[in-house]
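S.K.: Below: one structure in structure tokens.
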Amino acid sequence: MSQAVETRTRIKSERYESGVIPYAKMGYWDPEYSIKETDILALFRCTPQPGVDPVEAAAALAGESSTATWTVVWTDLLTACDLYRAKAYRVDPVPSAADTYFCYIAYDIDLFEEGSLANLTASIIGNIFGFKAVKALRLEDMRMPYALLKTYQGPATGLIVERERLDKFGRPLLGATVKPKLGLSGKNYGRVVFEGLKGGLDFLKDDENINSQPFMRYRERFLYSMEGVNHAAAVSGEVKGHYLNATAATMEDMYERAEFAKDLGSVIVMIDLVIGYTAIQSMAIWARKTDMILHLHRAGNSTYSRQKSHGMNFRVICKWMRMSGVDHIHAGTVVGKLEGDPLMIKGFYNTLLEFKSDINLPQGLFFAQDWASLRKCVPVASGGIHCGQMHQLINYLGDDVVLQFGGGTIGHPDGIQAGATANRVALECMVIARNEGRDYISEGPQILRDAAKTCGPLQTALDLWKDITFNYASTDTADFVETPTANR
């Protein structure tokens, strides 16, 4: 080897060590790291492959979700790599889960584009979930720094303004989803809307998969639905509404549908989670500019949020959607037909509604969070609930929620209007009992029976659904306390 080659080789080796080096030795593991107020923090539940050290697995997650690749590259020397490397700083074993660990990772704020959920998620969940070194991986929680949150608009309207527009205070908002989801003509669809609103509901809504199919194009549905809204408002003297689903194949189509809804006098439009983060943020910006309420159906979330070992906890989706700017999001019922452990659901609701939250491990909240004055995002409870559960719903979910009774309204034997009346009476009698200081939780069934003595539709509903419960064990439960799912 010539002297010149030897010199170049020596200089190169002094500048950086080439080849494949463990991530922990490359600077992605730092147990002494001092967390900055501006850091984005993420907590992963990680099950490493057999033989993989959990610290190395955590460092690999930090590396592959920030600056690293599988081998050392000389272009690291051209960047402020010590700054831009994510730092895994803590690894804890998961209680009652062998060979599974909580991995805490800190990301410098400059790794992310301001106000871009797509960019944030491209790093945090973009690549590492297919990493061979881990058998399973789940994003459990995140802390968003104040400085980052100030680059997001948050909910366009917020709960307080929505209550003022509806003139509804001191109780949950009451609604229903039109059933059947698919197949109705526009005229019959509008009839369902009118009957439900006339019976006492505040809103009705489209379901996630009703868009603009051959049996009913969106214009027809929007026209007949708003006719029902206006008629019911005139008859009842109350402010009414209907969540018109503007979900479509392209942004151009969604804007067109949302504008049509606005032109018809609607105060709210709806989108589905499956349209993607960029589309959600785009629609949220449109909603704020046009002074519209934006409802989000979480369609598709359980494909990655339900299983405890792999995917993403729904509380992270709640945080991202509050940042993105939606006003409503479906967040669970506890007692309904869909997945929902009581403590986990409480954590979701607190994430959406509180301006500041502390660490609460039983609820799955691993980080304290200051929401930088972003408005509240209203949780929606929907799926398999009925008026006989009203005391449980108010106990678990409180007032700041939209209760959606689909089958529990439209399945009433005496018709849609009767179903709506049963739900309205059940809600109001339970709120009155609570406000009077009664033990409405234990006395709930009797409170409902007493109200039903003067409300035939409520009595019919209680007789029909009195034995309907969904007592299945939740798959996503707290790691730090036993929380059996039961409808008591």
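Including glycine, each Cβ sits where the backbone N, Cα and C put it.
Okay, these came from Swiss-Prot:
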ACT_SITE  LYS179  active site, proton acceptor
ACT_SITE  HIS297  active site, proton acceptor
BINDING   ASN127, THR177, LYS181, ARG298, HIS330, SER382  substrate binding site
BINDING   LYS205, ASP207, GLU208  Mg(2+) binding site
MOD_RES   LYS205  N6-carboxylysine
SITE      LYS337  site 'Transition state stabilizer'
S.K.: Using all protein chains in view, find how many other C-beta atoms are within 10 Å of the C-beta of SER382 (substrate binding site).
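M.R.: Around the Cβ of SER382 (substrate binding site), 26 other Cβ atoms lie within 10 Å.
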S.K.: Listed recorded positions are ASN127, GLU208, HIS297, ARG298, SER382; which of them have CA atoms within 10 A of the CA of LYS179 (active site, proton acceptor)?
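M.R.: So the list is empty; none.
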S.K.: Which one is closest to ASN127 (substrate binding site) in space, judged by CA to CA distance, out of the recorded positions LYS205, ASP207, GLU208, HIS297?
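M.R.: That would be HIS297, nearest by Cα distance.
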S.K.: Which has the fewest other Cβ atoms within 10 Å: LYS179, LYS181, HIS297, ARG298, the recorded positions listed?
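M.R.: Each of the recorded positions LYS179, LYS181, HIS297, ARG298 was scored; lowest Cβ tally within 10 Å is LYS181.
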S.K.: If I take the alpha carbons of GLU208 (Mg(2+) binding site) and ARG298 (substrate binding site), what is the distance between them in whole Å?
M.R.: 8
S.K.: How many Å lie between the Cα of HIS330 (substrate binding site) and the Cα of HIS297 (active site, proton acceptor)?
M.R.: 6
S.K.: Can you see whether DSSP assigns THR177 (substrate binding site) to helix, strand or coil?
M.R.: strand
S.K.: Given the recorded positions LYS205, ASP207, HIS297, state which is nearest to LYS181 (substrate binding site) when distance is taken between Cα atoms.
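M.R.: Of all the candidates listed, ASP207 is nearest in space.
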S.K.: Would you measure the largest Cα separation among ASN127, THR177, LYS181, ARG298, HIS330, SER382 for the substrate site and round it to whole Å?
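M.R.: Farthest-apart Cα atoms in ASN127, THR177, LYS181, ARG298, HIS330, SER382 are separated by 37 Å.
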S.K.: Pick from ASN127, THR177: which of these binding-site residues has the biggest number of other Cβ atoms within 10 Å of its Cβ?
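M.R.: Max Cβ neighbours within 10 Å, all protein chains included: THR177.
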S.K.: When DSSP is mapped onto helix/strand/coil, what comes out for SER382 (substrate binding site)?
M.R.: strand
S.K.: I'd like the number of other C-beta atoms within 10 A of the C-beta of ASP207 (Mg(2+) binding site), please.
M.R.: 19
